[in-house]
């Protein structure tokens, strides 16, 4: 499948004008083109950079990969330790019991004993939704939290023992497990997701719903063991009325009932569908032939599903919340939305990355010939869509900026001038409820501002998809390089002297796609946060707090570029910038540190490798003059490694900056 020559065909030339380059890659190591310098790498820091770059780069046939794959129980063990620690700290160092008595108080963690006759020293505000989750589970005491923490440690120990057994003792079982990915996928669907959903539905019906009904009615909660029978549940429902869960006061929500129904139906679909239905590999030729033979393709599909589910949950966390008291805890709503949007974005990009690796290493181009022959049409249409959306979506803002500069507000796109309401705006209602001093918001009234920024969402998302789809479809071959099998997933930029291989590897497409994913998710969470907190402010400014009579800051000022810069970024950052010396100081310090990490990334992204190599050579010259010669010669990072370091700092710094900015603002204004 691999040729020792690349035929580079000019698209507008005849066959006699074909240019052939004889390029010998026989010395290149499989998995990375950095193997060309393998001889010198052992005496230079290049070996260190390669160690980082190749840490997860192993093929299906290696024994190491079988060990790692068999040790997946160790990963589950780490998750159990995390869960155990969460419940342990909730039992000993949180105000969960106080929050149960009065959910209007702020959930906090790490409450320590008095020091030098002082009160609790700035407990950490919990915005992860754990308190709401525990109440939805039916946990009403710290004893139950301690039991769960102990169970988590026991489960983690069992997982670690099972992982050790799979890695070192049961080699035959490991071999069978790793060579039958299709059966493993069925095991995941039936055993983990199917039976897990069924067990969770049973817990919601027998424990969570009765406990929440009793709490809402002010009745003492019995032992959970007494609620396991259907008779006990029926008695509670008959005596206390099931309508207690249908109230919309922000405390106990009917969606908890729908969650039980949803998980029961999902369990049936997964268990039956994975064995007999369309989810089984027996009735799915694509799964059995292609996806089932490649770990990377299986992982890519799973990342797609998980990432999509995370994004959907982010939308549901505010539009249709399941957990009790969530709607009146505004910092938690914001945190859940932002967190799951980021997770979904990273998972979806990771799906394209692993699909590209699988296409390069584990499949033949003929397997995807139907798709690959249409890739130019696919990319051509995507390019047209991106260009159309970009010009028209930004054109709306350019028009408004121009009209505002000319002093013609009546000619701007706005609710008060040229209205551009979404087609289905009437279907999305806004429900406001005042619960004590807190205000709960369910749903959002759509306006011209939403119409404009939603088209920006469409543009950024389609651009991200264009980059990632191009990287996937051209991962194995392209017009420039007709077979990338030995070049693999990532290879260096060789410049125009080698035909111009800059930015054509699948890794480079993932690199660029992550930046656009960052842009896409940033605009989404900016839109959500600004509209959410400005709606809260306008509700409080209204008479009685029951009907929103004032237009929000988002509706009035997000229709032009200056509004985003002035009203959202500059004005909204006042709390985090002025937080020093206040209980919000941690957010201010995080804001500063994250800005530094983000700025550090630019040093790697804006400079070339030659600059750093020449700087290193100058430092080495000085060392030689002083007869202090390092045994291992320093080498600059490769282009790919430098981009990876820059990308990592860019994403982490940007996310930390946004997170601290959001939380400081929402805690100070609506917390």
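Any Cβ shown, glycine's included, is placed from N, Cα and C.
Swiss-Prot lists 68-91 (among others) with the feature transmembrane segment.
Sequence annotations record features per position, and here Swiss-Prot assigns transmembrane segment to 145-168 (among others). Remote same-chain partners of the transmembrane segment (145-168), defined as residues 6 or more beyond its termini with a Cβ less than 8 Å from a stretch Cβ, comprise 67, 70-74, 76-78, 80-81, 83-85, 87-88, 90-91, 96, 134, 139, 174, 177.
The transmembrane segment feature in Swiss-Prot is assigned to 185-209 (among others); the stated evidence is sequence analysis.
Distant neighbours of the transmembrane segment (259-277): 186, 189-190, 193-198, 200-201, 204-205, 208-209, 283, 322; these residues of the same chain sit at least 6 beyond its ends, with a Cβ under 8 Å from one of its Cβ atoms. Summarising the annotation, Swiss-Prot assigns transmembrane segment to 259-277 (among others) and lists sequence analysis as the type of evidence.
Swiss-Prot lists 295-318 (among others) with the feature transmembrane segment, giving sequence analysis as the kind of evidence. For the transmembrane segment (295-318), the list of distant contacts is 60, 65, 69, 181, 185, 326, 333, 336-341, 343-348, 350-355, 357-359, 361-363, 441-442, 528, 532: same-chain residues at least six beyond its ends, Cβ to Cβ under 8 Å.
Positions annotated as transmembrane segment by Swiss-Prot, on the basis of sequence analysis: 334-360 (among others).
What Swiss-Prot lists as transmembrane segment is 377-399 (among others).
The transmembrane segment annotation in Swiss-Prot covers 451-469 (among others) and is backed by sequence analysis.
Annotation comment: Swiss-Prot describes 493, 502 as [4Fe-4S] cluster binding site, evidence class similarity to another entry. According to DSSP, residue 502 ([4Fe-4S] cluster binding site) is assigned to coil rather than to any helix or strand.
Among residues of the same chain six or more beyond the transmembrane segment (509-530), those with a C-beta under 8 A of the stretch's C-beta atoms are 318, 334, 337-338, 341-342, 345-346, 348-349, 352-353, 356, 450, 453, 456-457, 460-461, 463-464, 467-468, 470-472, 503, 553-554, 558, 564, 568, 572, 643-644, 647, 650-651, 654, 658, 662, 665-666. Among the features that Swiss-Prot reports, transmembrane segment is placed at 509-530 (among others), with the record citing sequence analysis.
Taken from Swiss-Prot, the feature transmembrane segment covers 584-606 (among others). For the transmembrane segment (584-606), the residues of the chain that approach it from at least six positions outside its boundaries are 122, 124, 575-578, 637, 642-643, 645-650, 652-657, 659-661, 663-664, 667-668, judged by C-beta separation under 8 angstroms.
Following the DSSP three-state reduction, the secondary structure of residue 595 (chlorophyll a' binding site) is helix. If you look up Swiss-Prot, you'll see 595 marked as chlorophyll a' binding site.
According to Swiss-Prot, the chlorophyll a binding site annotation covers 603, 611. The Cβ neighbour count for residue 611 (chlorophyll a binding site), using a 10 Å radius and every protein chain shown, is 11.
For 612, the entry in Swiss-Prot reads phylloquinone binding site. Residue environment of residue 612 (phylloquinone binding site) contains 17 other Cβ atoms, counted within 10 Å of its Cβ in all protein chains.
Feature annotation from Swiss-Prot assigns transmembrane segment to 644-664 (among others); the stated evidence is sequence analysis.
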Whole-number Å value for how far residue 493 ([4Fe-4S] cluster binding site) lies from residue 611 (chlorophyll a binding site) (Cα to Cα): 16
CB contacts for residue 502 ([4Fe-4S] cluster binding site) [other CB atoms within 10 A, all chains]: 13
Sparsest Cβ surroundings (other CB atoms within 10 Å) among the binding-site residues 493, 603: 603
When distances run from the Cα of residue 603 (chlorophyll a binding site) to each of the binding-site residues 493, 502, 595, 612, the nearest one: 612
Of 68-91, 185-209, 644-664, whichever stretch has the most CB pairs under 8 A to the transmembrane segment (334-360): 644-664
From binding-site residues 493, 502, 612, the one whose Cα lies nearest residue 595 (chlorophyll a' binding site): 612
C-alpha spacing of residue 612 (phylloquinone binding site) relative to residue 502 ([4Fe-4S] cluster binding site), in angstrom: 19
Spatial neighbours of the transmembrane segment (644-664) far in sequence, C-beta under 8 Å, 6+ residues away: 53, 125, 127, 331, 334-335, 338, 342, 511, 514-515, 518, 522, 525, 529, 572-573, 575-576, 579, 584, 587-588, 590-591, 593-605, 637
